[in-house]
Amino acid sequence: MNLTFYIFFLSLLPSFSSSKPMNCSDTTRLCSSFLAFKPNQNQSFSVIQSMFDVLPQDITADISGGYFFIKKNCSCLTTTHQYTTNTTFTIRQNVGYVYNVTVSAYSGLAFPPNTTRAARAGAVVSVQLLCGCSSGLWNYLMSYVAMAGDSVQSLSSRFGVSMDRIEDVNGILNLDNITAGDLLYIPLDSVPGEPYETSKINPPAPSPAPASSLANGNISDDQVNHTAKSGSHVPYIWIVGGLGVVLALLVLCILVCICLRSSSCSSSEEDGNGHNFQILRKSGFFCGSGRYNCCRSGDFRQTNGETQVVAIPKALGDGMFEIEKPMVFTYEEIRAATDEFSDSNLLGHGNYGSVYFGLLREQEVAVKRMTATKTKEFAAEMKVLCKVHHSNLVELIGYAATVDELFVVYEYVRKGMLKSHLHDPQSKGNTPLSWIMRNQIALDAARGLEYIHEHTKTHYVHRDIKTSNILLDEAFRAKISDFGLAKLVEKTGEGEISVTKVVGTYGYLAPEYLSDGLATSKSDIYAFGVVLFEIISGREAVIRTEAIGTKNPERRPLASIMLAVLKNSPDSMNMSSLKEFVDPNMMDLYPHDCLFKIATLAKQCVDDDPILRPNMKQVVISLSQILLSSIEWEATLAGNSQVFSGLVQGR
């Protein structure tokens with residue numbers, strides 16, 4: 001019976017079984033590599049981003065060939081001495097097995113988990129992708145799965161590489177010895193493909209077919225021939241059609257002029273303290289790729305939609321948004337979407353308001369409700385979120401306002417706050433997170449912070465990083481939220497600095513920020529170090545301990561407690577003191593060396609001297625390497641469903 005099942009299982013595997021990793025010797029090696037991926041019709045641009053865990057700028061394309069080229073960091077695994085890069089894959093259907101579903105999705109670029117588990121919709125699978133690092137003769141190596149008809153000569157011509165190079169890298173002795181499904185490494189001197197224009201994500205719809213053909217579901221050969229034979233009538237049709245187009249353009253110009261005139265008169269003459277805005281009432285706010293169409297260039301009014309004029313505080317008027325403008329909703333829409341702000345829709349309370357679940361224009365959203373006295377924080381969050389867009393940052397959709405209240409509308413992040421999944425999760429109806437999931441969440445949050453610190457046109461500090469401001473989506477991927485305290489960082493000759501009054505949450509505040517009010521990216525890194533300690537220990541940022549000689553309990557920062565513990569844990573082989581502070585909900589299902597590395601990284605992040613703290617780029621690299629090691633550890637526990645599910649069952 002077992003043999004029959006095994007043979008049946010093998011028969012289901014795709015034809016990409018010949019993909020093999022590239023061997024390596026230097027386990028400290030880290031390089032940039034590319035993966036050539038040809039998506040199927042169900043894999044949109046946003047799906048590809050998620051599958052490979054990359055940003056849009058990390059993807060180039062060869063549109064004519066139908067290929068995307070994904071840039072990934074590649075490293076040498078310490079156990080197998082093979083080059084790989086990691087990602088996660090969310091299974092969509094309860095069909096087949098994890099192995100063949102994963103291999104098929106990545107078209108042979110993946111080295112999936114060695115498991116015979118059945119695929120389960122919603123399950124998150126850790127996947128190793130096959131990559132390579134150049135020996136120094138070329139700038140990059142690109143992983144490419146051979147297709148039917150490929151040859152060394154055709155690949156040489158397509159990618160502008162000599163045949164000798166391809167043969168040398170892949171050890172090809174026979175030019176005809178290339179089989180469809182083989183994994184090849186293409187040496188490159190420059191980035192392949194061209195930058196992918198986001199406007200190509202949703203191509204325009206094709207012209208409609210004639211009604212008679214649509215009724216039958218196709219266009220017959222007779223219809224095609226009839227069209228071809230009617231060439232003598234084309235000039236007359238062109239003339240009539242041209243006149244129709246000109247007339248339509250004239251009508252459109254008149255409508256545009258009317259719209260522009262009405263917008264120039266939109267300022268309130270009756271109230272000198274306010275501005276009048278046109279409010280969209282019926283338009284949707286989701287684009288075809290599934291992302292939120294939140295902040296858009298130009299005016300946010302729609303000529304074919306019902307409009308309403310409302311008064312909005314002058315601080316939110318002209319000049320608040322430099323380029324992009326968020327969508328604006330009516331108070332009535334917000335009130336109806338949240339079921340009149342019912343307690344059953346309440347998601348939680350933040351520093352500056354309450355957050356409610358809402359169903360707005362048939363889409364799930366989160367709505368932050370603030371008093372009008374919080375205009376400064378409201379404006380700060382709107383301005384930042386209209387400039388930063390990243391898969392690990394919560395997306396802004398729009399806002400609404402009345403004389404007394406302000407409302408910010410965000411994407412709804414289904415699993416809620418990380419805090420609820422770390423601190424006594426069972427009492428909140430949550431299942432404890434596994435080690436792999438905690439590692440991935442830490443990396444996601446680090447990437448979001450790295451983005452606002454390093455990769456935006458103007459750099460920002462968040463100033464309120466904590467586990468309640470890190471949200472988890474349905475796949476348990478992390479997104480940073482609540483930018484009400486975010487601050488622009490100015491570059492000076494002595495580095496970056498932003499002088500401000502001290503704001504934030506006790507337990508996460510860096511020493512220099514508390515004493516001098518100097519907010520820098522290193523302030524965020526200190527707070528992130530505290531988050532890492534919470535992820536390891538499952539404890540809150542401030543712990544109540546029994547004070548000696550007094551009746552009142554003492555409140556101590558988690559960072560100071562963990563630093564004291566680490567003094568008695570010099571390495572991963574002698575970490576008995578540290579193990580006492582590891583979250584018992586993980587039930588000892590974690591690699592001790594990886595946990596010790598994250599604890600050490602957290603220790604570096606909370607160093608009293610901000611100069612000695614790593615930057616977020618270094619933190620991301622460290623967490624990526626730790627996750628790779630954790631995945632190797634996970635592979636040794638292939639039969640343990642508690643590890644692979646991402647959640648720890650039981651207890």
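Just so it is clear, glycine is given a Cβ too, placed from its N, Cα and C backbone atoms.
The feature region 'Disordered', as given by Swiss-Prot for the ranges 196-216, 343-363, 448-468, sits at 196-216. Among Cys24, Cys31, Cys74, the one Swiss-Prot lists as the disulfide partner of Cys131 is Cys74. Among Cys31, Cys76, the one Swiss-Prot lists as the disulfide partner of Cys133 is Cys31. Per Swiss-Prot, Cys76 makes its disulfide bond with Cys24 among Cys24, Cys253. According to DSSP, the domain 'LysM' (142-186) comprises 16 helix, 8 strand, 21 coil. Proximity of Tyr410 (phosphotyrosine) to non-local residues of its own chain (separation of 6 or more, Cβ distance below 8 Å) is seen for Val365, Ala366, Val367, Lys368, Val394, Glu395, Leu396, Ile397, Ser481, given in sequence order.
If you take the Cα of Tyr513 (phosphotyrosine) and the Cα of Asn23 (N-linked glycosylation site), they are about 47 angstrom apart, rounded to a whole number.
Of all the recorded positions listed (Asn42, Asn73, Asn86, Thr330), Asn42 has the fewest other CB atoms within 10 A of its CB.
In terms of Cα spacing, the recorded positions Cys76, Asn86, Asn100, Gly353 that come within 10 Å of Cys133 (disulfide bond) are Cys76. A Cα-Cα distance of 36 Å separates His349 (ATP binding site) from Asn86 (N-linked glycosylation site). Of the recorded residues, Asn73 (N-linked glycosylation site) and Asp464 (active site, proton acceptor) place their C-alpha atoms 29 Å from one another.
It is Leu347, among the recorded positions Cys74, Cys76, Cys133, Leu347, whose Cβ has the fewest other Cβ atoms within 10 Å in the structure shown. Long-range neighbours of Gly353 (ATP binding site) (same chain, six or more residues apart, CB within less than 8 Å of its CB): Lys368, Arg369, Met370, Thr371, Lys374.
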